[in-house]
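Take a look at the structure below.
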Amino acid sequence: MSLSLWQQCLARLQDELPATEFSMWIRPLQAELSDNTLALYAPNRFVLDWVRDKYLNNINGLLNDFCGTDAPLLRFEVGSKPITQVISQTVTASVSSAPAAPAARTAAPSRPSWDNAAAQPELSYRSNVNPKHTFDNFVEGKSNQLARAAARQVADNPGGAYNPLFLYGGTGLGKTHLLHAVGNGIMARKANAKVVYMHSERFVQDMVKALQNNAIEEFKRYYRSVDALLIDDIQFFANKERSQEEFFHTFNALLEGNQQIILTSDRYPKEINGVEDRLKSRFGWGLTVAIEPPELETRVAILMKKADENDIRLPGEVAFFIAKRLRSNVRELEGALNRVIANANFTGRAITIDFVREALRDLLALQEKLVTIDNIQKTVAEYYKIKVADLLSKRRSRSVARPRQMAMALAKELTNHSLPEIGDAFGGRDHTTVLHACRKIEQLREESHDIKEDFSNLIRTLSS
């Protein structure tokens with residue numbers, strides 16, 4: 001039985017699983033083969049339980065494929081494999097998320113190597129982490145499940161799980177909440193951890209002040225000696241060449257010290273214009289996860305949780321009514337609920353659907369005006385560079401059929417029209433055709449990064 005057995009399994013799993021799943025759950029595993037037993041070591045209990053629940057059959061199936069009746073037994077452990085039994089996990093260059101680290105990268109230094117600790121005073125760190133944003137009050141749904149799971153692992157194992165962690169998605173979807181949740185999680189495990197949260201513009205402002213005050217070395221020392229650096233809206237580095245230069249070196253210093261970096265953006269790293277390619281490449285060294293607009297069930301759960309936090313009884317049918325009509329992001333949902341609560345407090349009236357219609361009259365009218373089937377068809381046609389007439393035609397080529405399915409799925413998601421009504425609007429198609437289109441797009445969003453990106457981009461455009 002070859003020691004490359006786990007490497008063979010990794011290669012097959014990489015082919016069979018979506019890239020994000022492989023990076024998040026399979027790549028962190030370490031393997032040890034001994035006495036006809038393959039031990040897989042997970043970095044924490046959360047990963048172990050998830051892998052055993054979701055991928056046990058896949059792994060056992062591969063072991064049987066490769067070894068037949070001689071397949072080893074499978075055992076799961078939390079921790080690291082014994083140092084004496086080193087089994088390389090590198091499958092291909094594409095599996096590795098970053099170039100090989102220097103041999104000296106073994107432990108996070110308390111200060112950068114160039115810092116003269118005896119000559120420099122102890123730095124004072126401003127955390128800026130909001131204690132109100134935790135994992136406990138983050139509402140999990142299909143749209144953000146992977147992002148939350150990755151953030152949770154980083155909080156449990158900073159510098160070791162996914163570094164850097166890059167979260168991207170539209171405005172108001174929970175990226176900032178997760179940044180703060182990670183910061184709070186790290187500090188809960190280690191009270192004296194040096195965790196710094198900031199908007200990217202603050203980094204730029206600090207650098208400018210340091211240059212003006214001839215204090216650039218102190219600036220470098222400050223940012224390169226944190227345990228975790230959490231930067232929001234990294235896209236604001238665009239076209240700021242001096243800031244990008246300094247962040248490039250800060251990024252490298254932190255990574256070499258096993259210090260955690262988490263970044264957020266409103267778009268995929270490679271799509272950030274005005275940012276150097278060498279930075280965009282580094283953004284993807286660890287794990288990149290999208291946060292999509294919340295689906296209906298998650299929107300309802302967010303409203304119910306927010307109401308509960310405010311000691312407000314929100315009937316389920318009212319939460320469903322609001323969630324069905326406001327779809328773009330969490331911030332919009334919470335803002336609408338705050339308005340409903342304020343109106344109820346001022347008037348003393350019960351929160352009913354009729355009351356919500358009145359309290360959110362202008363917001364609901366604007367939403368219905370913005371998102372119509374006609375508007376969806378025009379937006380999708382423009383996005384895919386085809387004609388609206390193509391969407392309504394009988395043509396079945398993929399270049400037309402896929403955009404048509406996308407438009408139907410968006411119509412179901414963003415409007416209150418029934419399936420037959422949507423079918424009529426697409427050239428008199430049957431409601432079963434619309435249902436098939438919706439299911440197909442949902443399936444492709446799980447399997448294809450491009451379709452997932454297209455759906456998110458179109459939702460963002462139509463909801464803005």
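Each residue, glycine too, has its Cβ placed from N, Cα and C.
Pulled from Swiss-Prot, these are the features on record:
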| type | residues | note |
| --- | --- | --- |
| REGION | 1-82 | region 'Domain I, interacts with DnaA modulators' |
| REGION | 82-127 | region 'Domain II' |
| REGION | 98-117 | region 'Disordered' |
| COMPBIAS | 98-113 | compositional bias 'Low complexity' |
| REGION | 128-344 | region 'Domain III, AAA+ region' |
| BINDING | GLY172, GLY174, LYS175, THR176 | ATP binding site |
| REGION | 345-464 | region 'Domain IV, binds dsDNA' |
Residues near GLY172 (ATP binding site) in space but at least six apart in sequence (CB under 8 A): SER328, ASN329, VAL330, ARG331, GLU332
Number of other Cβ atoms within 10 Å of the Cβ of THR176 (ATP binding site) across all protein chains: 20
Composition by DSSP (helix, strand, coil) of residues within the region 'Domain IV, binds dsDNA' (345-464): 93 helix, 0 strand, 27 coil
GLY172, GLY174, LYS175, THR176 excluded, remaining Cβ within 8 Å of their centroid (ATP): GLY169, THR171, LEU173, HIS177, LEU178, THR264, ILE291, ASN329, VAL330, ARG331
Helix, strand and coil residues within the region 'Domain I, interacts with DnaA modulators' (1-82) as assigned by DSSP: 46 helix, 17 strand, 19 coil
Sequence-distant neighbours of GLY174 (ATP binding site) in its chain (C-beta under 8 A, six or more apart): PHE138, ASN144, ALA147, ILE291, VAL330
Local confidence of the prediction over the region 'Domain III, AAA+ region' (128-344), expressed as mean pLDDT: 90
Neighbouring C-beta atoms (10 Å sphere around the C-beta of LYS175 (ATP binding site)): 24
